[in-house]
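Here is what Swiss-Prot says about this protein:
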| type | residues | note |
| --- | --- | --- |
| TRANSMEM | 33-53 | transmembrane segment |
| TRANSMEM | 77-98 | transmembrane segment |
| BINDING | 83, 182 | heme b b562 binding site |
| BINDING | 97, 196 | heme b b566 binding site |
| TRANSMEM | 113-133 | transmembrane segment |
| TRANSMEM | 178-198 | transmembrane segment |
| BINDING | 201 | ubiquinone binding site |
| TRANSMEM | 226-246 | transmembrane segment |
| TRANSMEM | 288-308 | transmembrane segment |
| TRANSMEM | 320-340 | transmembrane segment |
| TRANSMEM | 347-367 | transmembrane segment |
């Protein structure tokens, strides 16, 4: 008799995806982040669902409802901080996952990579709208500044902004629709992640060497289920330590003041995971130019498969590309720091240089490095 997991229509799908899936025998811990992102999404949906039971999406009571969750709801403070810091955890895993994809040439699986970029945009949109919901000072002014950027679009800009706001400023209508979108988007992300997996399983996983591994495959379970489980335990340990000991470390103190349209905070800035893009936006003095640079800073990822010039897929044996890759990571850290600083010298020029370097490495230097490495290999 056939085992039920191999015969039952539903179990069969799970079996092919997580149990009997042939996986390369040499994938490292950098391949753990896909499953960890799935865990992050589950944590966010679960904690978000419980928060939504007590939250009120009305400008008069949103701030109070968050205070009520923290003070009066059983373990409400814990659920709130798990959800707030869970977003940071999500983006840490997301950026590490993308970094691994760039380093090991996983972007050559074009469909999987492009769905991944769609997932990144969806996650960023969800996080931005979620940041508005507590209706603190930084929530309100962050929403005002970022949505206002759309007014830079020629001809339709102003109408578009007013349409998104549902009025002439960020107000009750904006908060209600942001809550609705913030609730539905994680489920869309989950569905898109399924498509991401579907495309990945069409080709099979890449591996650190960047060479075909069809001749040496092992079943996903038990090898990688237990390897992923170790990652889960480490991740949850670090996460819970953070939530229970430093819950407000990554938040903005301004968000503990209720939104006030008549009082602007001295420095308006988004959460830390958007600061690199915010720094690129601010480095261009022109409003429309800044918005284009902001979108391109993420959309440029879609060009990686087209700009791959090296004969080898992975950067494992490409020292020049490795140097450029780690320069890019350092550059992103500098941009993140600059995004949190006021717009004054010397931060302006540092941000502009870092922004130019960011695009130069991706669009120019990495493809040239690939060609140079091809020449070196022929010597």
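The backbone N, Cα and C atoms fix where each Cβ goes, and this holds for glycine too.
From a predicted model like this one, the values you see are computed outputs, not experimental measurements.
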Within-chain partners of the transmembrane segment (226-246) [C-beta distance under 8 Å, separation at least 6 from its ends]
29, 32-33, 35-36, 39, 78, 81-82, 85-86, 89, 93
Same-chain residues at least 6 positions away from residue 201 (ubiquinone binding site) with a Cβ under 8 Å from its Cβ, in sequence order, are 16, 17, 21
Contact set of the transmembrane segment (33-53) with the rest of its chain, CB cutoff 8 A exclusive, min separation 6+ beyond the ends, reads 69, 79-80, 82-83, 86-87, 89-90, 93-94, 96-97, 100, 130, 182-183, 186-187, 189-190, 193, 228, 231-232, 235
CA pair residue 182 (heme b b562 binding site) / residue 196 (heme b b566 binding site), Å rounded to integer, equals 21
What residues, ordered by sequence, lie under 8 A Cβ-to-Cβ from residue 196 (heme b b566 binding site) and sit at least six positions away in the same chain?
112, 115, 116, 119
What's the CA-CA gap between residue 97 (heme b b566 binding site) and residue 83 (heme b b562 binding site) in angstrom, rounded?
21
List of residues, in chain order, with Cβ under 8 A from that of residue 83 (heme b b562 binding site) and at least 6 apart
44, 47, 48, 51
What else in the chain is close to the transmembrane segment (178-198), if you only count residues 6 or more beyond its ends and a Cβ gap under 8 Å?
17, 37-38, 41, 44-45, 48, 52, 55, 57, 112, 115-116, 118-119, 122-123, 125-126, 129-130, 132-133, 143
Checking distant contacts: for the transmembrane segment (320-340), what same-chain residues at least six beyond its ends satisfy Cβ-Cβ under 8 A?
99, 102-103, 269-270, 272, 274-280, 282, 310, 347, 350-351, 354-355, 357-358, 361-362, 365-366, 369-370, 372-373
Would you kindly list the residues that approach the transmembrane segment (113-133) from elsewhere in its chain, counting only those six or more residues past its ends and only Cβ-Cβ distances under 8 Å?
48, 55, 57, 62, 66, 87, 90-91, 94, 98, 101, 106-107, 139-140, 142-143, 146, 170, 174-175, 178-179, 181-182, 185-186, 188-189, 192-193, 195-196, 199, 270-271, 273-274, 298-299, 301-302, 304-305
